Amino acid sequence: MKEFKLHASFQPAGDQIAAIDALVRGLHAGARFQTLKGVTGSGKTFTVANVIARVQKPTLVISHNKTLSAQLYREFKGFFPDNAVEYFVSYYDYYQPESYVPARDLYIEKDASINAEINRMRLSATFSLMERRDVIVVATVSCIYGLGLPESWRDLRIHVEVNQCLDLEDLKRQLVSLQYERNDAVLECGRFRVRGDVIEIFPAYLEEFYRIECDWDRVVRIRRIHPVSGAVLREFEELTVYPAKHFVLKEDAIPRAMDRIRQELDERLVQLTQENKLAEAARLKTRTEYDLEMLGEMGYCHGIENYSAPIAGRKSGEPPVTLLHYFPKDFVLFVDESHVTLPQLGAMYEGDRVRKQNLIDFGFRLPCARDNRPLKDSEFEALLNQAVFISATPGVKERTQSVQIVEQLIRPTGLLDPCIEVRKTDGQIEDICQRVKACSARNERSLVLTLTKKMAEDLTDYFNGLGIRTKYVHSEIETIERVEILTSLRAGECEVLVGINLLREGIDLPEVAFIAILDANIVGFLRSTTSLIQIIGRAARNARGTVVMYADAISDAMREAIEETARRRKIQMAYNRAHGITPRTIKKSIEDILVREQEVKKDAARVQVAPLLRAADADVRTHAARKKMVQALRLHMKVCARELRFEEAALIRDKILQLQRQDEQNGV
């Protein structure tokens with residue numbers, strides 16, 4: 001069995017060593033829930049990577065959005081290049097769920113655009129979980145939505161060995177039943193083709209295809225082939241092919257499901273008639289009978305997911321089968337930014353149920369549509385073996401459920417959490433102006449946090465009227481303009497940035513030495529303990545970082561945030577004294593802010609074009625091979641540009657330029 005092997009050019013330092021040891025001890029002791037409470041910039045991802053390498057268990061990492069998941073996926077890929085690091089997020093580029101708005105009598109049909117490469121990566125994740133244990137899956141909340149049964153996916157796989165007697169006709173029928181499409185002209189992911197005694201299968205979860213060569217009815221050779229160059233990558237003695245989709249059914253599943261759907265339809269029609277909902281009953285009868293006819297003839301119908309419970313043989317109310325069911329029972333879960341991710345996981349079920357209930361009440365769907373849903377919070381928790389929550393500001397759930405809370409407070413740079421002052425609101429604007437001018441004289445920047453957009457805009461106008469170069473950021477500012485504003489702040493073109501919630505920027509601003517929080521004692525989301533600690537962390541990149549809270553009274557949230565910051569600062573100062581460390585402001589080039597924002601947008605694009613770029617690197621040693629590859633890449637680039645996927649087109653363009661430079665260097 002292959003083990004996790006961590007590759008890193010640096011070793012754990014500071015609090016990382018103790019945090020790794022504590023988490024590993026907890027996992028070995030059987031602790032079900034633990035929390036890693038680490039300040040921003042303390043290297044929490046590297047700590048998690050070390051824990052994975054020492055515990056040696058299949059791992060699921062959940063983040064709260066695709067962008068962060070893509071960043072984590074890339075980091076873990078770098079730490080574990082020899083192991084299976086997989087990416088499991090929603091495969092929809094665009095998704096409009098089916099819904100009904102009673103107030104407007106408006107029915108909205110489901111509309112979606114599926115991303116083929118993300119779909120391949122989802123299948124690759126389940127394939128790896130079936131075949132090996134050294135697996136890390138980085139996912140979003142998509143992992144709590146329904147998938148096909150792992151038993152069906154495993155039981156329906158096809159196994160082929162060299163010297164095996166093989167009926168090609170039978171193999172073709174099996175592949176079609178596994179949702180593979182025959183296409184003898186173009187071989188792509190999820191397809192197969194037959195040429196005489198040779199059958200080529202492109203598994204839906206791989207980036208290369210298999211060629212099975214037969215001598216009459218006997219298998220003589222199995223090879224893995226590169227799809228672009230045609231080069232033989234490896235020869236095998238045996239081969240296992242899994243289904244091309246997660247939702248695959250055994251032969252008797254559809255007839256059995258249709259009987260159950262008819263029974264539920266009859267019961268629901270009686271109920272609607274008794275409630276004098278005749279229009280709803282007629283609508284439901286027409287729609288469901290059409291779906292049944294399609295299921296009987298084609299084995300499929302539009303919106304088949306609404307019949308997932310009857311098809312899978314689940315009882316009403318039973319939890320759906322999800323990605324978590326594909327993991328072995330001893331897997332470990334890491335929840336990144338748990339103070340955001342856990343509430344998001346818990347909210348998915350209720351939001352889905354409200355939408356489905358309208359469809360059921362007004363005769364668009366049978367009650368079984370409710371069972372096509374994400375996991376409830378309690379169901380999700382019941383599937384967990386061991387979990388580690390990761391956050392700088394753990395929520396109530398993490399704090400109450402964790403066997404231990406492991407702190408990681410020391411930054412490798414020696415930087416401390418900022419000093420905090422509380423001042424009365426009387427004369428607050430004049431005080432802010434003086435502090436901003438003092439910062440500007442030292443070539444430092446300032447942030448001012450307000451509660452409303454109007455106040456942010458008015459304050460910006462006021463400061464500009466005083467000659468203080470100021471800009472504002474809020475939800476109406478587009479991404480590109482936001483990047484330009486943040487860049488101008490770092491470059492000194494702007495002295496002050498005013499905003500409402502600057503937490504979501506996710507960008508380090510080492511020049512910021514002063515943060516003013518207006519109305520700091522107002523109770524609400526923007527001034528909760530968690531939000532205040534996150535805001536305070538914005539000044540933790542500068543050695544002279546200071547935060548001033550303007551309030552006429554100290555709220556509980558303020559008190560907790562101040563006490564927590566003071567506690568951290570005391571620990572950090574003691575560590576620095578003991579080790580002779582002098583905190584120094586982080587030095588970053590101004591371009592870093594643009595690069596990082598562009599990296600966020602490019603992460604998803606890299607995932608899309610990764611197979612194509614790897615193919616371009618595989619066999620381009622000759623001028624002819626490079627010329628052929630450039631032509632293929634240029635075609636893909638134009639397709640991406642036509643579909644407005646500009647980040648992907650740019651990555652392909654860069655690869656074309658790289659290949660052309662190789663020819664120039666070789667004098668071709």
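The count begins at 1 with the first shown residue.
Glycine is no exception: its Cβ is also placed from the backbone N, Cα and C atoms.
As stated in Swiss-Prot, the feature motif 'Beta-hairpin' covers range 91-114 out of the listed 67-90, 91-114, 139-162. Sequence-distant neighbours of Thr40 (ATP binding site): residues of the same chain at least 6 apart with a C-beta under 8 Å from its C-beta are Ala392, Gly537, Ala540. For the binding-site residues listed here (Gly38, Gly41, Gly43), the lowest count of other CB atoms within 10 A around the CB belongs to Gly41. Across the domain 'UVR' (627-662), the DSSP tally of helix, strand and coil residues reads 33 helix, 0 strand, 3 coil. In this structure, Thr45 is the one among the binding-site residues Ser42, Thr45 with the smallest number of other Cβ atoms inside 10 Å of its Cβ. Within 10 Å of the C-beta of Val39 (ATP binding site) there are 23 other C-beta atoms, taking all protein chains into account. Its Cβ placed at the centre, Lys44 (ATP binding site) has 22 other Cβ atoms within 10 Å. In sequence order, Thr47, Ala392, Gln408, Arg411 are the same-chain residues whose CB sits within 8 A of the CB centroid of Gly38, Val39, Thr40, Gly41, Ser42, Gly43, Lys44, Thr45, the residues recorded for ATP being left out.
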